[in-house]
Amino acid sequence: MVDITTRDEAFEPADDIEPMRSLSIHTDQSKPVALLQPLDMDGPPPVRTKLRMAAILIALYLALFIAALDATIIATSIPTITANLHSASGYFWIGAAYLLANAAAAPVWAKCSDIWGRKPALLAAVALFAAASIMAALSSSMRMLIAARALQGTAVSCSSKAYRNLVVADDAKGGGLIQLVNITVSDLFSMRSRTLYLGLVEVMWALAGGLGPILGGLFTQYVSWRWCFWVNIPVTGVTFGLLLLFLDVHNPKTKLSSGLKAIDWFGTVSILAVTLLLLLGLDFGGATFPWSSPKVICLIVFGTLMIGFFIFSEKRLAKYPLMPLAMFKNRSNNAAFIVGFTHGMTFIVAEYYLPLYFQAVKGASPLRSGVLILPITVSEALIGIVTGVAIHQTGRYRELTWLGMVLLTIGTGLYIHLDRTSALAEFVSFELIGGIGAGFLFESPLIAIQAMVSQADTASATATFAFIRNIAMSTSIVVGGVVFQNGMNTKIPSLKAAGLNVTLVEKFSNGDAAANVELIKTIEIVAQRQAVQDAFAWSLRNMWIVFTVISAIGLAGSLMMKHRELETEHTETRTGIEKMTRREDA
């Protein structure tokens, strides 16, 4: 016997009867089978005045700006900070702790915004970022600063590109601010229109990319590196006020207890374990401990095993998965994820390690190294704007992805030729090629993924993409540091042969090289100073070779991306537990 039931048996909605939202068939042998998925009948998006929309966009862009400024401003200050706080390992972990927290927190922020709404999540992220900035400014030890940077990374992970500028993170452009801003912009506009506004986000990256390194150099040389963090406070105050007063996206008013039950706690813990264990294993391997060390092996093995537990959790345990696995069944999505991963690994090492090249090999000051990094950061930002406009006008994103991967691979390969004798024109032109290529790739692969999922899954898809890219950036900095430091250890015999005393040789080996850049200028004998500079250049060259190969893998992966027409009509996104995507068999 078959029983067909509907929400409205008369098929004519009366005042007190809801219209049909679902259709199920009941049989004696089976459970109800849904023929129609629940329809979103909440109506068109609200009409906002130009003033309100302008205020919302200004607030969102300010959030991105301060996240990007926080990333770029410390790049030229890190050598001074590590020396001031007497910690050589801090050079790597000031950045890695930020990115580790950024990567692990991004999916959690996105899920929280699905449960409680975008506005509460954004306000919480801004408040956390301000508190972490104060903690960083007051840091009296490297441990305290690394903890503060981890909290900042947790807050910033909402913004996707935060660490792209952060290190020197649409989407390490970065984990709450960057990610949530991209999600909110996606909620406010249609697929076709949002590409323009996501592209305009690049204006903020251009400003932060240009101002950050210079401000960092100025503060470090003439005031104190602590002002790199104090400067965040007034901007976060303005951002918080504008969001509180003007942002009017849907608020589901979910109860705290219900929301906490809906969070994928197993997935959250396992994601954090994966990132922490693998990054620690990679950082310790070869530099702090031998690769054959039980500590290194255990960290890498257990980190890898946690990947399996995370997949099991998402597939069998989580009612509302942190990262819905269904999106990985689409070949085009996987291609975009490969592009995001390889792009994240490749572009970030240039922004993080080129200042080291400028200061160690070319003898530049922190301020001058900030100026010298401008070609890559500004070109990335400006091309990001061009990308957004181009996708908005043409609806094409796949070809831009291909072009970006080609240029990024070429630009990274050209860095291999940088040495002590390289001229200004050489590394500026190399930066422009790599920066232009990277600029095409912040938005286009994200749009490729959003085009393949429903509006309800946009936040999860955006968060997953950001997580993969941020994991890539976190891994990249650690891997780059390992390759670089292993190269410096290999050069110990040549440094001794040049006549450097034992004390100086130790300063440039065993993981201490990056933190002792300022010692190079104090070496009076020219031949010895040049030997150290050549050792730095050679070690960085090995790193560029590794990341050129990684970029080439991304280029090959991009060829599998498919094209889909971008919608021009916009439907307001409704948040809340009832709107979230359940596990397939839940």
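Just so you know, glycine gets a Cβ as well, placed from its N, Cα and C.
Per TrEMBL, the features are as follows:
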DOMAIN    56-566  domain 'Major facilitator superfamily (MFS) profile'
REGION    567-586  region 'Disordered'
TRANSMEM  53-78  transmembrane segment
TRANSMEM  90-109  transmembrane segment
TRANSMEM  121-139  transmembrane segment
TRANSMEM  196-223  transmembrane segment
TRANSMEM  262-282  transmembrane segment
TRANSMEM  294-313  transmembrane segment
TRANSMEM  334-358  transmembrane segment
TRANSMEM  370-391  transmembrane segment
TRANSMEM  400-418  transmembrane segment
TRANSMEM  424-442  transmembrane segment
TRANSMEM  463-484  transmembrane segment
TRANSMEM  543-561  transmembrane segment
In contact by Cβ distance (the transmembrane segment (334-358), the transmembrane segment (424-442); 3 or more pairs under 8 Å): yes
Same-chain residue ranges lying at least 6 outside the transmembrane segment (294-313) that approach it to Cβ under 8 Å: 264, 266-267, 270-271, 273-274, 276-278, 280-282, 284-285, 325
Long-range neighbours of the transmembrane segment (121-139), counting only residues six or more past its ends (CB under 8 A): 63, 66-67, 70, 85, 109, 112-113, 145, 147-149, 151-152, 154-156, 158, 176-177, 180-181, 184, 226-227, 229-230, 232-233, 236-237, 239-240, 243-244, 247
Overall pLDDT for the domain 'Major facilitator superfamily (MFS) profile' (56-566), taken as the rounded mean: 83
